[in-house]
Amino acid sequence: MDLPHFWFLLVAVFFGGYFLLEGFDFGVGMLMPILGRSDEVKRRVLLNTIGPVWDGNEVWVITGAGAMFAAFPQWYATLFSGFYLPLLLILFGLIVRVVSIEWRGKIEDPRWRRWCDVGIGLGSWLPAILWGIAFTDIAVGVPLDENGYVTGGLPVLLRPVALLGGAATCLLFLLHGAVFVALKTEGEIRVAARRLAVGLVAGAAPVVLLLGWTVSWALGEQGRDMQLPFYAAILSSAALLAAALAVRLVREGWAFALTGASVLALAVLFFGSLYPNLVASLPYPERSVTIESAASSPYTLKVMAWAALGTAPFVLVYQGWSYWVFRKRISAAQIPPSIGLSPRLPAPGKAGEPDGNAGDR
Amino acid sequence: MTALDIARWQFGITTVYHFLLVPLTIGLAPLIALMQTVWHVTGDERWYRMTKFFGKLFLINFALGVATGIVQEFQFGLNWSEYSRFIGDVFGAPLALEGIVAFFMESTFLGLWIFGWDRLPRRAHLACIWMVAIGTNASAYFIIAANSFMQHPVGVRYNPEKRRAELTSIWELLTNNTTLAAFPHTIAGAFLTAGTFVAGIGSWWLVKEKADVSEMFRPVVRLALWVMVAAGGAVAITGDVQGKLMFQQQPMKMASAESLCQTETDPDFSILTTGTHNNCASISRIIEVPYVLPFLAKDQFTGVTLEGVEDLQRAGVEKYGPGNYRPNLFVAYWAFRAMIGWALGSAALAAAGLWLTRGGRTPRQGWFRRLALWALPTPFLANSAGWVFTEMGRQPWAVAPNPTGVKEIHLTVQQAVSGHAVGAVAASLIGFTLLYGFLAAVWFGLMRRYVVEGPLEHDAHPPGARAEADEDDEAKPLSFAY
């Protein structure tokens, strides 16, 4: 395999890893108002299943974008300038999610927490849908002008097939999150998450199949290789059915591995459909950004390959270790009393006296 | 306003915002690691409570630092795609390295540190915060290497076929003399920021009447004051080194910093000028000091000839064709002075603090308490001013030409910007500004609230490190939960 292809694979691995790991983070975020409805402790249980790891998971997309920039500057430039609005919305979502998660417990006030829950919701729903839309769009192809800018605006971005892609990632991440919750919790939430997961399979599996069929048909129309997306979708939905079975048998570890496999198969669908392009151009295929045309110089690719291969094992080891450290299930009984401060400052003159909330442990 | 103007404002606003939070993270992580280490070694619980107290402030700050940082990773492609195409082969490398080497490390180990108080052996838990400290500083190195390339491109060739810059030596890129000067300067500034933050807040509590709280804060204030002295010295020395380098590499930036319009031998250092500043003819120099500028430029007191803005402009037109190669003189001049001037806030606090706490004394002066609060924002302002000077002094270049480098490697911001419609860029500028402004207000409110609350009761005693019978206590409450 030559260096540009190796890097294509590596970028795909970064984004696949991102979908795999942030997929359940988004899922948990989206499920907070559903599984934790009207119960603050339940919502905290849900949030704390991803508590120690979500930040490290998010780095996968930052590093993925950095790798894209280093290895395929044309891809990075075309993709990020072309999907201006969706990316701004994703960024908006990610920003409010980060601060909402970290700041939620800092203030003891139902209104404060409600706003933070809105932030976590926005930051989970928006990227979960928009990444699917964006990746389906570039897989099927977008109009590019001669300077490499995406043209056509919203009607192109929000084509039916792209919306289907958004629905697929969203449903898949919801399901992945529900199975993760079933794996990581104890008690009522675990039961509810299992029930929800089985129901979600019934929604997600057909959507993924339909997406695979539509993308495959669209590629066939353009005379491109149409088999891979089709088989990837079959694999992805088959893994979902198996996951549903595993959930029914209370084999949550297996179920999580299977939804993970399904998410990865979807990533294969996206990146496999692209190949050998990076951004397929419709209707002028000669304007497509390809692996060959977009790759950095051989020296950059070589240096960066050594750097990536040299450091990745360490990253995998310590990220794995952090999952191992926090491997135990969480139950509502384990959630400590809230230690947030009251929203207002203590009365002047009494500054520094611990107020009612601070000492209630 | 053109899309270029808006894109520049957007990058400026988001970056200045990001860098209000970043130095505190970079400097505070090692300081907290140090506090926890002292607790670990001496067993003195005051240090544990300080670790928790400043740890909370650190986390409130870290969240917004991360949130604003994500935008930066994408913004090159969003608004500066022509720049990304031209320079990605070189510029992408330090960015990717930053992600894989530093970001993974700090985010993963920070999660372990926050949630691991009773899950990890104490030594491993301590190692986690040190890894965070190393990660934050390493990320600064890579991103400054990337920025230094824009100031002084090295390790690169021009590929005329693909019309882009290509990396020829990663080693040269990472040991760019601009990087080696800018990195220590930035880190010293970050330590000064964190030192001022800890000392300022600590001093404020020190002056309060309650003896037990004063006692708790005293050692950490002394530590932070000495950190400030060391960091302040380092800021001055590295700043001087960097300045001399700039006189060679980016004479236009330094001439603008001095509002030096004509080439002069042994010019005086200007402290105050008036005029509209973007017009050389309008500038009148009010207060000047001799001998300082030649020393800043070349380590000599006399016999130094420095080129002026007008002459450099003529040389620029000759070399790169018609155009305006002058940065905004007003901004460059005043940002440079603001950077140095704001540092006096930290200096005043360090001097007063060390004097008033000498020999075991606890200060009771009201003015010292006010000084501590007034000094708090000054290093943040100095950091911003310094970066505004560095970046706006680089205009009109996105990649400034290296006087001794490859002659094709340069790019103006005009050539670098994406071809977006004005409306799209304006919408994102407004969106980010409003969102950031709102989050800034919340951030400030939270920080203030947690500072005023002081060390919390429920942090009075350290949780038991991982119990022997780890498997048995399934239902034990988590030591920390969101």
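Placed from the backbone N, Cα and C atoms, the Cβ positions cover glycine too.
TrEMBL lists region 'Disordered' for one of the ranges B:243-266, B:387-410, B:459-482, namely B:459-482. Beyond its flanks by at least six residues, the transmembrane segment (B:368-389) meets 12, 15-16, 19-20, 23-24, 189-190, 192-193, 196-197, 199-201, 203-204, 207, 257, 331-332, 335-336, 338-346, 348-349, 352-353, 356 of its own chain at Cβ-Cβ distances under 8 Å. Counting Cβ pairs closer than 8 Å to the transmembrane segment (B:334-356), the top stretch among B:20-41, B:53-71, B:127-150, B:219-237 is B:219-237. For the transmembrane segment (B:219-237), the residues of the chain that approach it from at least six positions outside its boundaries are 27, 31, 34-35, 46-47, 50, 54, 184-185, 188-189, 191-192, 194-199, 202-203, 206, 343, 346-347, 349-350, 353-354, 357, judged by C-beta separation under 8 angstroms.
Counting C-beta pairs under 8 angstroms (sequence separation of 6 or more), the transmembrane segment (B:53-71) fails to reach the transmembrane segment (B:127-150), with fewer than 3 such pairs. Simply put, out of B:20-41, B:91-115, B:421-446, B:91-115 has the most Cβ pairs sitting under 8 Å from the transmembrane segment (B:127-150).
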